[in-house]
Amino acid sequence: MTATKQHKKVILVGDGAVGSSYAFALVTQNIAQELGIIDIFKEKTQGDAEDLSHALAFTSPKKIYAADYADCHDADLVVLTAGAPQKPGETRLDLVEKNLRINKEVVTQIVASGFKGIFLVAANPVDILTYSTWKFSGFPKERVIGSGTSLDSARFRQALAAKIGVDARSVHAYIMGEHGDSEFAVWSHANVAGVGLYDWLQANRDVDEQGLVDLFISVRDAAYSIINKKGATFYGIAVALARITKAILDDENAVLPLSVFQEGQYEGVEDCYIGQPAIVGAYGIVRPVNIPLNDAELQKMQASANQLKTIIDEAFSKEEFASAAKN
């Protein structure tokens, strides 16, 4: 994709709850001029495309249709939400093997179409499936991106904002590491309108230290809470994906928390995709933003990466995945 291209095309692979919510977000936020939707349930996809097109008189012109893999050849962005859903009591990492098989099949067909754009991965476990998308595609690491901790960071900012009584957009704070149980809050660099969070709390007494611990736990475990109540999470991640999509298609050079390839940005963290802030634009990841972590945070980053690496190494020791790797 070039930054000057006017007609922006997105292909969505996976028309489940996350995918259809993402498609709706693209329509209502006037993002892209063309949206093709791929799913094994073609009739459902056709119905969604028709339903979404009925909103266009209220938004902006857009071509929306049920697509095939051949339609990926000239897409600027392919968004992968296809995968087995996370069930109550199941961790994101429990999904690994079945979703790796789906990922391999999907990515192979997309690359065969002649696709030269950017992959944006949202299926879980997202850090591992972003890595496998990079391996199976043979693409440069900058053009394979995962949604990473974008939603986790949004949940964190919203929870802090609600606790201290400000707009979430005035809270600047990140969750880093795995999108999952080993993620961690970067407390050392959290701030409210430029005021360090700890300085803010000292001056305003909005919450004590135990309150912060409880707040992080609620953020980390938010998906489990939602899944237990309604079966799946999809609205929050859909809007996060729409935000990332806009940053790419509009060449924003926006700083967003994403699943980014690691090659020594942090000591002891290499050869995996994991959540950290990065600058993203029309050509994918421009560069990671390496927040200076304190010793405790760095240890958490290393532990999170080691957990992911153990699972990745085990998965790619199997012939069915190792033989398909191009990177």
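Glycine is no exception: its Cβ is also placed from the backbone N, Cα and C atoms.
When Swiss-Prot records D39, K44, Y69, G83, A84, A122, A123, N124, S147 as binding NAD(+), the matching candidate from V18, V27, V107, V166 it lists for that site is V18. When secondary structure is read from DSSP and collapsed to three states, H172 (beta-D-fructose 1,6-bisphosphate binding site) falls in the strand class. Candidate binding-site residues: G83, Q86, N124, V126, A154. Nearest to Y224 (phosphotyrosine) by Cα distance: Q86.
Secondary structure at Y224 (phosphotyrosine), taken from DSSP and collapsed to helix, strand or coil, is helix. Only N124, from the binding-site residues K44, A122, N124, place their Cα within 10 Å of the Cα belonging to Q86 (substrate binding site). For the pair D152 (substrate binding site) and A122 (NAD(+) binding site), the Cα-Cα distance reads 13 Å. Checking each of the recorded positions R157, H172, H179, T233 against N124 (NAD(+) binding site) by C-alpha distance, the shortest gap belongs to H179. For K44 (NAD(+) binding site), the same-chain residues 6+ apart in sequence whose C-beta sits under 8 angstroms from its C-beta are D15.
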